[in-house]
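As written in TrEMBL, here are the features:
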type: DOMAIN; residues: 1-33; note: domain 'Cadherin'
type: DOMAIN; residues: 34-148; note: domain 'Cadherin'
type: DOMAIN; residues: 149-263; note: domain 'Cadherin'
type: DOMAIN; residues: 264-371; note: domain 'Cadherin'
type: DOMAIN; residues: 370-479; note: domain 'Cadherin'
type: TRANSMEM; residues: 491-513; note: transmembrane segment
Amino acid sequence: LRAHAVDINGNQMEPPIDLYIYVIDMNDNRPEFKNQVYNGSVAEGSKPGTSVMQVTAFDADDSTTANGLVHYRILSQTPHIPIPNMFTINGATGEISTIATGIDREKVSQYTIIVQATDMEGSLNFGLSNTATALISIADINDNPPELDSKTFLGEVPENAVGVVVANLTVRDKDQPHTPNWNAVYRITGGDSMGHFAIRTDEITNDGKVIVVKPVDYERNDAFTLMVVVSNQAHLASGIPSSPSSSAAVSIKVLDVNEAPVFPSNPKIIRFEEGVPADTTLATFAALDPDRFIQQTIRYSKLSDPANWLKINRTNGRITTTAVLDRESPYMKKNVYEATFLAVDNGSPPATGTGTLQIYLIDVNDNVPVLVPQEALVCERSRHGYPVNITASDLDSEPNAGPYVFELPSYPSSARRNWTISRLNGNYAQLKLRIPYLEAGMYRVPILVSDSGNPPLSNTSVLKVKVCPCDENGDCTVIGAVTVAGLGTGAIITILICIIILLSMVLFFVVWVKRREKERQTKPLLIDPEDDVRDNILKYDEEGGGEEDQDYDLSQLQQPESLDHIMSKPAGVRRVDERPVILESQYPVRPTVPHPGDIGEFIIDGLRAADNDPTAPPYDSLLVFDYEGSGSTAGSVSSLDSSSSGEQDYDYLNDWGPRFKKLADLYGGGGED
């Protein structure tokens, strides 16, 4: 503080002075840990003095005095294994370290330590304290080698089986599961020189699965004894007195099964010249039964024979031909014919083996050469055009094919007189005219072709040569081509006339179609009234007998436009089913609608008009269902008055037909009512 000395008037009496007030610290704050829970770890088997972790507490009091000086101590350790004081703490720095040996993760995986921090230099009488928890995890090391549960394991496997599990090797390891210190590695150290077996580790159980990777043969080896060693992926920690691995023996028994017969040479290749006749023995294609300790019978059959050239003896496998073997057959592939055969034993169940026979056919000169091409075009004058290049085709192969020899035969004489052949090379020659001019037309030129076989084969082929007039470029003209085709002038004219007539008919048809289309667009569409269903009632079904005559004129159900046909009716007996002729109110005429079949609407309108007209007669116009013309051929029925008190004979009602049968029964039956 700064103090000033003044008089009553405020005048400074002395210079100002500074006053210093020192606050003396009191121990009113406890030490506070940065964390309530500290986590640390230490490897199992660590030596005493190994640092584990450090805890830190802060005191707000003056650190230059005892109030702010913090001291650390361990209050408790859980569990007390192997001793209660496995760890110690530096009182000044809070560093925790080991103090004893015997830390083993397999016994205790984690320790819980309560640490206390006290100020006043750790005085329990005057200092303030606080606590925190330290969790110390024990890290695993490979201090426990794997141990097989047994020194001997047993298994069995059928012969020829692959991928099956033969035996299961169980192992124990105390280290932390699913770590390199726990994962087992299996090795076969003896008893499997051919590599028939392998061991795979189960990632979940750590057991070893002995499986077959190469088929075993019962006839060669009926049992195996494997020497197996197991170790960890990680090396065993130093200083561990135990062996890093464990070993055991695996005895495997091989089970015999019925094996399929085996063809010693598969495929079997034999060589013959083509043209082998039928019933020729080619070879014996026999199979062997691998089951040497069981006597079984083998039977043979044919599986595949595309050309059906072969047959096989069922008991000994002898193969003979059933047809001539032809190298040029489409079933041959690169001079090889392939057939497949089956060998079946009588075991239980029967086993089947498959063998392939390949027959290599050596070519012989058995096909004549054929001239190529079959047709050619030559100009009629030898100075125009070009010669014809010819060659030959032979189904045989070298040396029974080319080079070829092309010759003109001596007969007919016109061949050598008109044509000549010149050799180009071993496979090609040229045919051209010998004379300066040859009349246009179709000529058949025989050419003798010979191959190079031993002995050679010859064939006379006919070359169709079209001789035609040519232009300066040596190309056949159109007229010449037609002439060569054999068509005369009359035939050509006839063809042209037919083409013109056909084109005229097509043109006339197109014009007629266009005209009809135009008429349809200008004229309205006319429909036969009988085909117009809009003004007709469609009859779908009948229910009941009804009257004999049901051909009704439904137009009477419409409001009539005129009553002239009724007013002109002569005086006589009126009928209740006719419209009355007395003067009555004129109902509004219902206009003609496009659909007169709408009877419901018409009846509702007429009923409404009749109900609202007080002058309407007792005859309702809606009762007029049909009009049957003027007059009636029937007599008066007034004599049937039922109100008459006199006796009356009604027997004549029986003569009126079935329609009056009910009425005759009521009045003419003679019974009392």
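Quick reminder: no glycine exception, Cβ is built from N, Cα and C everywhere.
A TrEMBL annotation is a machine prediction, not a hand-curated record.
Here the domain 'Cadherin' (149-263) has a mean pLDDT of 91 out of 100. The list of residues near the domain 'Cadherin' (1-33) in space but at least 6 beyond its ends in sequence, with Cβ under 8 angstroms from a Cβ of it, reads 55-62, 65-68, 70, 117-120, 126-132. In the domain 'Cadherin' (370-479), the DSSP tally of helix, strand and coil residues is 8 helix, 52 strand, 50 coil.
For the domain 'Cadherin' (1-33), the DSSP-based tally of helix, strand and coil residues reads 0 helix, 14 strand, 19 coil. Taken residue by residue, the domain 'Cadherin' (34-148) breaks down under DSSP into 3 helix, 50 strand, 62 coil.
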